[in-house]
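Asks: Have a look at the structure that comes next, please.
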């Protein structure tokens, strides 16, 4: 790590380069994603097999948000995703890999984006998800038994998108989520765990799907999220951590679900997001000057969509998909 990097780590923030981009380089990012999809012999592509379906969702969603989905290889991608389906009803990250809730949701989202969800078996998928709900209302991500509030959102989102939400024990799921609600207004991975921006997104998203946002103090949760903004304008995941462009999405989307987007400095936030763009290769990095990747690219673009960038499709804050492709699957939220 450079001396400047050590200083950034010590003060838990970064400086934005003076020559940072001051607008969204949308076409450059679309080229970055398109090349990433086509360059299947690259080291980074090969080493990402363990999360391939999630990576496909990130790339496809970034292109859909950028109004350039037609550049993607629809038939090839849909067939690959369908090839990740297992006999238990779930989807793995790649063909031959075990099923997991994270990849099952990403598979469903990708098929919806390509208007191919009818090729999936909604009943077997929802039964797979139902089988991972525990007696206390929580969900395991797979048969390994790991419990995490991320998996509650994955479960409710998957079944909602398939029109099978009633398959799950929603009351029990909500009770578990509320056991993870901390006095500071945040949520952790499990009861008693530290509050984290990503977990807040998962929990408020799940509560919104369940129609139970009234269970929490929205202002208190929004205030915890607002304090994640650093002097650079970026957002971090929890106190004393560096800002990261992916939290632009987790925090902003949570605030949007809560109806509290005005709790942060949007102009400063946009400057940070713009500064995380690679103006040579395209794509977004976690922080200015780092290497771009599809994960940070989709969430950087999605965050800018939440701010109303009219060059982008409008994004749904719960599902991180375009409102256009969701149609009547969007969740009504009342404030």
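FYI, residue positions are counted from 1 along the chain as it appears here.
Glycine is no exception: its Cβ is also placed from the backbone N, Cα and C atoms.
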Asks: In Swiss-Prot, 244, 246 are given as binding Zn(2+), so which of 196, 296 is in that site too?
Replies: 296
Asks: Non-local Cβ contacts of residue 247 (geranylgeranyl diphosphate binding site) (under 8 Å, 6 or more apart, same chain)?
Replies: 197, 198, 228, 234, 235, 236, 237
Asks: Take the C-beta pairs under 8 A between the repeat 'PFTB 4' (218-259) and each of 74-115, 122-163, 266-312. Which stretch has the highest count?
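Replies: Going through each listed stretch, the top one turns out to be 266-312.
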Asks: For the binding-site residues 198, 239, 243, which one has its C-beta crowded by the most other C-beta atoms within 10 angstroms?
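Replies: Neighbour-count leader: 243.
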Asks: Using the recorded Zn(2+) site (244, 246, 296) as reference, state which further residues of the same chain have their Cβ within 8 Å of the centre of those residues' Cβ atoms, listed in sequence order.
Replies: 245, 247, 248, 249, 276, 284, 285, 286, 295, 299, 300
Asks: Take the C-alpha atoms of residue 241 (geranylgeranyl diphosphate binding site) and residue 296 (Zn(2+) binding site) and report the distance between them in angstrom, rounded.
Replies: 17
Asks: Would you pick out, from the binding-site residues 196, 241, the residue whose Cβ has the largest number of other Cβ atoms within 10 Å?
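Replies: Comparing the binding-site residues 196, 241, the most crowded Cβ belongs to 196.
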Asks: Within a 10 Å radius around the Cβ, which one of these binding-site residues has the most neighbouring Cβ atoms: 245, 246?
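Replies: Neighbour-count leader: 245.
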